[in-house]
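Asks: After the C-alpha cells below, expect a handful of questions from me.
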Amino acid sequence: MVEPHVGAAANRDVSPRRRQMVVANWKMHGSFDFCRAMIPALGRAAQDAVELVVCPPAPFLATVSQLALGTGVTCSAQDVAELPSGARTGEWSAAMLAEVGCRYALVGHSERRQHHYEDDALIAGKARACLLAGITPIVCIGESAAERERGETEQVLCNQLDWLMSTPLWRQAIVAYEPRWAIGTNQAATPEVAQATHALIRAYLAQCDAQAAARMPLLYGGSVKADNAQQLLAMPDIDGVLVGGASLDIAAFLPIYSAALQVQHTDSVYQSIPTLQQVA
C-alpha cells in the first residue's frame, strides 16, 4: 500500500511551490468569434506566476495559437493520435499539433475513456507520441463512483500511473486527477479528498523517481468553480486545475485564475493534511 501522506505536508515546507497552472478545457464549444473575444480577454489577465492554458476544439487550434502569441496564454489540444502518421481518418498527430503552436495536449480525459472506449494502453501511447514530438501531455486519471465506493481508488489510480511510467520520458508529463464522479456533476471532491488523492499519486510516482515526483505538476479537474478553486489550489500537492464548463464564461473563469494567482503569491497551505484513508 502506498502511504499517501509521504511527500505532502513535510516536503512542502522545505520546497518552493511548483508553478500553478489553470487549464481551460472548452470541450466541444465555441466559434471563431468566441475565440477572438476570449483570448484577448484572457491575455489581459494572464501573468507569468500562473500559466494559463486554453484547450479549444481542434478546428480552432491554429486560430487560438495565433491569437495567443505574446499574450501569456498557452494553447493545448484536447486529444492526439498515438501514431505519427497513417490512415487514421479524423485524427491528428502530435507533430501536427506542435506545428500549429500547441505546447500541451490532454490525453485520457474521462470523456474520451467513456465515449470512445480509450484504455490505459492507448492513452500511454498518446502520451508517448506527445513526448517524442516535444508536446507535454496532460495525462488524465481518475476513478468512477463505483470504484471509489468499493475502496478501489488507490488500485485504479496506481494501475493508470503504471501505464504512464512505462512510457519513455514520462517524467516530463503532467498528471491531472479528475474523479469521474465529479465531471460535469457539480459534485467536486472536497479539498481534503483531493489533497489526499494527489498525495497518494505523488507518493506512488516517488517510488519510481522521488525527484521527478516532487517536480511534476499535479492538477485537479472536476466541477472546479470560483467558490472552491482557492481551497483546492491552497493544498500542497494540487498544482493547478483543469476547468470545464466554467471556462466558457469569462466572468466565471477569471475568479478561478485569480485564486491561483493569490495562492501562488501567498504560498498558503493547510497545516493538517489528512490521508486518503482518513477522508474516504
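Using N, Cα and C of the backbone, Cβ positions are placed for all residues, glycine too.
Annotations in TrEMBL come from automatic prediction, not curation.
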Asks: With ASN25, TRP26, LYS27, SER223, GLY244, GLY245 listed by TrEMBL as binding substrate, identify the candidate in GLY43, GLY184 belonging to that site.
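Replies: Record source TrEMBL; matching candidate: GLY184.
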Asks: Please give the maximum pairwise Cα distance, in Å and rounded to a whole number, for the substrate-binding set ASN25, TRP26, LYS27, GLY184, SER223, GLY244, GLY245.
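Replies: Largest pairwise Cα separation, rounded: 14 Å.
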Asks: Using a 10 Å radius around each Cβ and all protein chains in view, which of these binding-site residues has the most neighbours: ASN25, SER223?
Replies: ASN25
Asks: If you count the C-beta atoms lying within 10 Å of each candidate's C-beta, which of the binding-site residues GLY184, GLY244, GLY245 ends up with the smallest number?
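Replies: Selected from the binding-site residues GLY184, GLY244, GLY245 on minimum Cβ neighbours within 10 Å: GLY184.
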Asks: Non-local Cβ contacts of GLU178 (active site, proton acceptor) (under 8 Å, 6 or more apart, same chain)?
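Replies: Within the chain, GLU178 (active site, proton acceptor) has Cβ neighbours under 8 Å at HIS109, SER110, CYS140, ILE141, GLY142, TYR220, GLY221, GLY222, LEU242.
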Asks: Does DSSP give GLY245 (substrate binding site) helix, strand or coil?
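Replies: Note: GLY245 (substrate binding site) is helical by DSSP.
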